[in-house]
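What Swiss-Prot records for this protein:
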- 44-74: domain '4Fe-4S ferredoxin-type 1' (DOMAIN)
- Cys54, Cys57, Cys60, Cys109: [4Fe-4S] cluster 1 binding site (BINDING)
- Cys64, Cys99, Cys102, Cys105: [4Fe-4S] cluster 2 binding site (BINDING)
- 90-119: domain '4Fe-4S ferredoxin-type 2' (DOMAIN)
- 148-175: region 'Disordered' (REGION)
Amino acid sequence: MPKFLDAVAGFGVTFGSMFKKPVTEEYPEKPGPVAKRYHGRHQLNRYADGLEKCIGCELCAWACPADAIFVEGADNTEAERYSPGERYGRVYQINYLRCIGCGLCIEACPTRALTMTNDYEMADDNRADLIYGKDKLLAPLEPGMGAPPHAMAPGATDEDYYRGTVSPSAEADAR
């Protein structure tokens, strides 16, 4: 085969793609669908009565290979109860400049407090705004949830909370 045909064969791929319909994504105006199991931004979850699931054990921070999570636990008191256990996460921060989205923190969490949402639009022009604190990570209160701190549900134990058998707060229903 003559050498000049090698160049023509190489252009065959180019000519073949010239007549295909272009695939254009109009991203900011029309975001495309996101897979249900997509791992995006983290979320700290709550129990049905509004108490936080995070117990401040720091296992997520230890599991993080990028050292992107900082947790500082504190003790619950009867006057100020944020989670059903002895402790809660007083300070919780995720540095999205370091996070690699691996999900090891999710696997390490013993109370299923930390999950990943489908939210992927976290870009910012200020580096400090990409360190998410507990205020940005906590799941919003849904109807029937009381804002912590408040007492555990009457007659409920830590095990009831862990098994998910606690119903929405009676305090929130009264509001």
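Quick reminder: no glycine exception, Cβ is built from N, Cα and C everywhere.
Within its own chain, the domain '4Fe-4S ferredoxin-type 2' (90-119) is flanked in space by residues 34-36, 38-45, 52-57, 59-74, 127, 130-134, 137, 162, which lie at least six positions past its ends and keep a Cβ under 8 Å from the stretch. Residue with the densest Cβ environment among the binding-site residues Cys54, Cys102: Cys54, by other Cβ atoms within 10 Å. Note on proximity: among Cys54, Cys57, Cys60, the binding-site residues of the record, the Cα nearest Cys105 ([4Fe-4S] cluster 2 binding site) is that of Cys60. Separation of the C-alpha atoms of Cys57 ([4Fe-4S] cluster 1 binding site) and Cys102 ([4Fe-4S] cluster 2 binding site): 20 Å, rounded to the nearest whole number. When the Cα atoms are compared, Cys64 ([4Fe-4S] cluster 2 binding site) and Cys54 ([4Fe-4S] cluster 1 binding site) turn out to be 16 Å apart.
The shortest Cα-Cα distance from Cys102 ([4Fe-4S] cluster 2 binding site) to any of the binding-site residues (Cys54, Cys60, Cys109) is found for Cys60.
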